[in-house]
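Lifted from TrEMBL, the feature list:
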SIGNAL    1-27  signal peptide
TRANSMEM  279-301  transmembrane segment
TRANSMEM  343-369  transmembrane segment
TRANSMEM  375-395  transmembrane segment
TRANSMEM  416-436  transmembrane segment
TRANSMEM  448-471  transmembrane segment
TRANSMEM  492-525  transmembrane segment
TRANSMEM  531-559  transmembrane segment
TRANSMEM  571-590  transmembrane segment
TRANSMEM  602-630  transmembrane segment
Amino acid sequence: MRAPEMLRWLAAAAALVALLAASPAAGFYLPGVAPTDFAKGDSLPVKVNKLTSVKTQLPYAYYSLPFCKPEIVVDSAENLGEVLRGDRIENSPYVFQMREPKMCQIVCKPPVGEKEAKELKEKIEDEYRVNMILDNLPLVVPVIRQDRNIIAYQGGYHIGVKGQYAGSKEEKHFIHNHLSFLVKFHKDDDSELSRIVGFEVKPYSVKHQLDDKWDGVNTRLSTCDPHANKLVTSSDSPQEVVAGQEIIFTYDVRFEESDIKWASRWDTYLLMTDDQIHWFSIVNSLMIVLFLSGMVAMIMLRTLYRDISRYNQLETQEEAQEETGWKLVHGDVFRPPTNSDLLCVYVGTGIQFFGMLLVTMIFAVLGFLSPSNRGGLMTAMLLVWVLMGLLAGYASSRLYKMFKGSEWKKITMRTAVLFPGIAFVIFFILNALIWGEKSSGAVPFTTMSALVLLWFGISVPLVFVGSYLGFKKPALEHPVKTNKIPRQIPEQAWYMNPIFTILIGGILPFGAVFIELFFILTSIWLHQFYYIFGFLFLVFVILIITCAEITIVLCYFQLCSEDYMWWWRSYLTSGSSALYLFLYAAFYFFTKLQITKLVSGILYFGYMLLASLAFFVLTGTIGFCACFWFTRLIYSSVKID
């Protein structure tokens, strides 16, 4: 748990990814799956995923609505991350043949009763989107952005739209029942084999008319007939959702050769059009870091300079008086704080978070967590968190032994269950709400059992192993002895009030990350791709430095005013940035999101509360470790008379 070792490790990791960070979106890319080659005429099965909405944040299974079903619905195997995300991947009646275009293919004509019509209207009202997958590529809708005159891609297509007939003010619900697919492929020059590099769709709402009587998929339509050269190109005569009225679902599929190679097929999805904002964020954060670094350097140089000048009798009376503050509390500065057990638990948990984020981010920057591996990031974070229980136990027991604690098993158990227990309770309550809405986002009982098994079967034992190893080591020795009688703390100036300094201390760490935080929140709650881990890693490094430096500066001022109760304050100073994170999340909710349902609002604030707690533990631990290293350094380098 030595801070210098932690900082050296971090510096080495930062140097390792510095080049990759400069070009994050197109860096060293390792796809999550091997490429699949298709010959002409090969079957291309389309899979369907969950229905999603940015207005409700509640995913639903595709077949919860009256869409066309295959004869047998088969669920795809899903990893832990996919289940937690609410993914429900199943087969569909849409099956293409490679490089064989089809026009006006009838899928089915399902009956729509009162219940089905009501569900369709509700989903259209909430702007739900249909998500499909072909060869592990998600379906996208190309949209021209007028402000930049470029084509952007939106994941999935809307189930339908609301509108009025000409001359009427009554709002109706229209369903997108005709899909015009475009499959882009890259053909090998030496063979006839092709690889899929794009999957797009343009949805239309068409009230189909029969040319003759209904004959299943062989029925001829007067509204869409390739033999009569009549194709669907608009939604001028839309299909309204009306109970008792059948809806005919049709599709076209075209194939287009592309120069895009298979290894680069995700670049279109991950294209950053606003990288200048990210660089602005980095430069802005670096200015904060330079300012704080200058203050820390000034403090360190003045401290060392004055320590030497004592013996050369160069210091003035005013300088001596100014500096005596922090030296006067040398007999109390390492006095154990109140609730030292809880501090050990929080520091251990923070070390666990730090290890998890560092390892996950390095793997992400190197390209191992490809977006083609859905749920891979969440699965990796959970598994690394569990393994990092070893560090949590080691850190908390080392600190606990330094505080002269003896019941190491008790502190170990608290470290193993406190934060995961709080997270599990919040998660369980939110999951119950999702379950009540009959959403596919509800985590099944089997997955919940697997999470509990990961917790108590792997994480808790590893925390105990780490704690045992840490407690076996000799206790850390303080550079100065602690007096038996506590020194009285003089009355402090208003600007050294604990609440004031703690709240001030959290502003700069939050300021260093809030721009990147906007993109992360947009990715999570507006269902957009986020794969700029190079920028994120740089911001993470800046966050570490900012937390460390602001805590050191405020800790130095606190000690100079002869207040030696720095243990908890150092943790809370940088940890208070979590308060600003939660307030920003509330601001984002009211200004950027269109959530209207109560359950969806509870889900948002529940998950953001959980994220803020994690951020509090992480930043608080970074600040504490930096302050711990700083106090040991200055009191070991100064001879106390």
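Just so you know, the numbers here start at 1 and follow the chain as drawn.
Cβ coordinates are placed from backbone N, Cα and C, and glycine is handled just like the others.
Between the transmembrane segment (602-630) and the transmembrane segment (416-436), three or more CB pairs separated by 6 or more residues in sequence fall under 8 Å, so the two stretches touch. Only residues 6 or more beyond the boundaries of the transmembrane segment (448-471), in the same chain, are considered here, and those with a CB under 8 A from a CB of the stretch are 1, 80, 348, 382-383, 385-387, 389-398, 400-401, 408-409, 411-413, 415-417, 420, 424, 428, 431. Taking residue pairs at least 6 apart in sequence, the transmembrane segment (492-525) and the transmembrane segment (343-369) share fewer than three C-beta contacts under 8 angstroms.
Nonlocal intrachain contacts for the transmembrane segment (492-525), taken as residues 6+ away from its ends with a CB within less than 8 angstroms of a stretch CB, comprise 54, 57, 277-278, 280-281, 284-285, 288-289, 292, 532, 535-536, 539, 542-543, 546-547, 550-551, 554, 557-558, 561, 563, 569, 572-581, 584-585, 588, 592-593, 604, 619, 623. Residues 1, 32, 78-85, 87, 347-349, 351-353, 355-356, 359-360, 363-364, 369, 412, 415-416, 451, 454-455, 458-470 of the same chain lie 6 or more positions beyond the ends of the transmembrane segment (375-395) yet place their CB under 8 Å from a CB of it.
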